[in-house]
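A quick write-up on the structure given underneath.
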């Protein structure tokens, strides 16, 4: 049973954020307004919504149920998270980003007791259009074209561009987190599930007195670039699948992520085989190569991606029929494995990038710092001797 937190009086009605604006082509260096003032309602969610047992999906941190606004009968999606700092962070980052037209919109947030535990309940718009690749699989005989692939990548790119501009890395951009608002032809594609989202900070390591990076020179890289590059790698994989129907990396042994597949990802071993790639331009293949570079710091940034002619001028991209829908249909029974492989690859990448942190100055082996430390100790010893 859901109930409001004991001893709490309901606040003034939760201010619903304005509905997302229609998608607009982003300028080269967009300036985004960040939503602020997340207010969490303490009254029981059942005061305002009818909660059903229909499960719409499973997020990384909780299940998603269908609910209805009691006043308007409008349907929404409800995500339930056990209250903890990680859940609060997910809600906060998602709230900040939900103004973007290509990110699922948060309507309300509640703090309620459920089975004696404090939970956060996130009311979101209901995305009824299904997953990106399911929609392409279900097209029937209608050809899927290169121009459509370009338009889809532009939509996903706009979501990532918005996030990166407000210093958020999603870190879990994958097929099942890309959903359409409805089954209609003009439905909007949206990014969901902020369970792995991370705030990135753009500090200059050179001016930080107490730390020094040990993985690379401080002027080259701050850790935030690794988190954002994870999203760029995902864009490369999704773009590759859109253009041919199968992933660039795969497991030979039916495992979620085999050692061989891990090696291929790290070594960047993939091909553009015919017939699926015979009609795709070299320019597009080069765009994928720049997204799937093995060295994260060399990957294309989201600004570079959005400024690429294939993305920026999607209306001029040729309507070349692709093999994608046929291949996706033929390999339908293997699609769950493909999704699992990408989930595992992203998990591996997040773990790898977490290792690339900043080392405390006491543990660093910078020769200049060692010399200064030795000199400081000598001065201290001399002072003690007197």
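Even glycines carry a Cβ here, placed using N, Cα and C.
Of the residues 9, 320, Swiss-Prot records the annotation phosphothreonine for 320. Looking up 208, 212 in Swiss-Prot shows the phosphothreonine annotation sitting on 208. The stretch that Swiss-Prot tags with motif 'Bipartite nuclear localization signal 1', taken from the ranges 325-328, 357-360, 361-364, is 357-360. As annotated in Swiss-Prot, motif 'Nuclear export signal (NES)' covers the listed stretch 331-354 rather than the other ranges in 283-306, 331-354. Scoring each of the recorded positions (172, 339) by how many neighbouring Cβ atoms lie within 10 Å, the top position goes to 172. Residue 339 (SUMO cross-link) carries a helical DSSP state (H, G or I).
Recorded residues residue 172 (active site, proton acceptor) and residue 339 (SUMO cross-link) have their alpha carbons 12 Å apart, per Cα-Cα distance. For the domain 'Protein kinase' (50-311), the mean pLDDT of the prediction comes to 84.
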